[in-house]
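S.K.: Starting off with a structure, shown below.
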Amino acid sequence: MAPKRKANKAPATEDNPPPPHLQPGSQVEMSSNDKGFRGSWYTGTVIRRAAQSSRNNPSAANNYLVEYHELLNKSATKPLRETLNSGDLRPLAPRESSRKFKFGEWVDAYNKDGWWEGYITEELDNGNFHVYFKGSKEQLEFREDQLRLHREWVNSSWVPPLEEGDEQVKEKVPAEEAAEANLQEHDDKAARKDGNLGCGSSQAPSKSK
């Protein structure tokens, strides 16, 4: 189970600005100490520094308003927004495009719209893996492309780092996926239109008798 994270004590100021991954519009992964969510990371976007009252609560200077990519609010009509401390935010974790996982390896498995920490207990004959999660005390089956090596964000670096020569998967954010979907839809419509025009020009109009 992932340990609870401590809030940052050094507030971000004009002389000590927030790191790049905490700038508005940055894509991040967000952790929670809430029961049932420890050991998980969800992707989202930094909206802005949260309103603060550092005189009464110095740690509030490190709070950020973030919007989840996958989780919705209580009415299930809009993406969920929360105010989180910078200690619970990190850049999108790297993931190799091709990796051979093995028994006993600590991994993050994509489940329930987030990445959950567990370890591999078995490699199955179909090429999938059983992963055990200590928090929920359950074992689930995952494909290789649903796993990534578990890494921690420590002192602005990933531990363990990507090995030299490893090709990293570029994770797509919802805005990029929507743009690609719109582009594909536009291309499909254009192709259908061109096809209809082609059919019309290749056939001579019939004459009425």
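Cβ from N, Cα, C; glycine included.
Sharing the feature lines straight out of TrEMBL:
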- 1-37: region 'Disordered' (REGION)
- 20-97: domain 'Agenet' (DOMAIN)
- 24-34: compositional bias 'Polar residues' (COMPBIAS)
- 99-155: domain 'Agenet' (DOMAIN)
- 180-209: region 'Disordered' (REGION)
- 183-195: compositional bias 'Basic and acidic residues' (COMPBIAS)
- 199-209: compositional bias 'Polar residues' (COMPBIAS)
S.K.: Restricting attention to the domain 'Agenet' (20-97), give the mean pLDDT.
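M.R.: A mean pLDDT of 89 is what the predicted model shows over the domain 'Agenet' (20-97).
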S.K.: Could you give me three numbers for the domain 'Agenet' (20-97), the DSSP helix, strand and coil residue counts?
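M.R.: When I sort the residues of the domain 'Agenet' (20-97) into the three classes, I find 11 helix, 35 strand, 32 coil.
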S.K.: For the domain 'Agenet' (99-155), how many residues does DSSP put in helix, in strand and in coil?
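M.R.: Taking each residue of the domain 'Agenet' (99-155) in turn, the totals are 3 helix, 32 strand, 22 coil.
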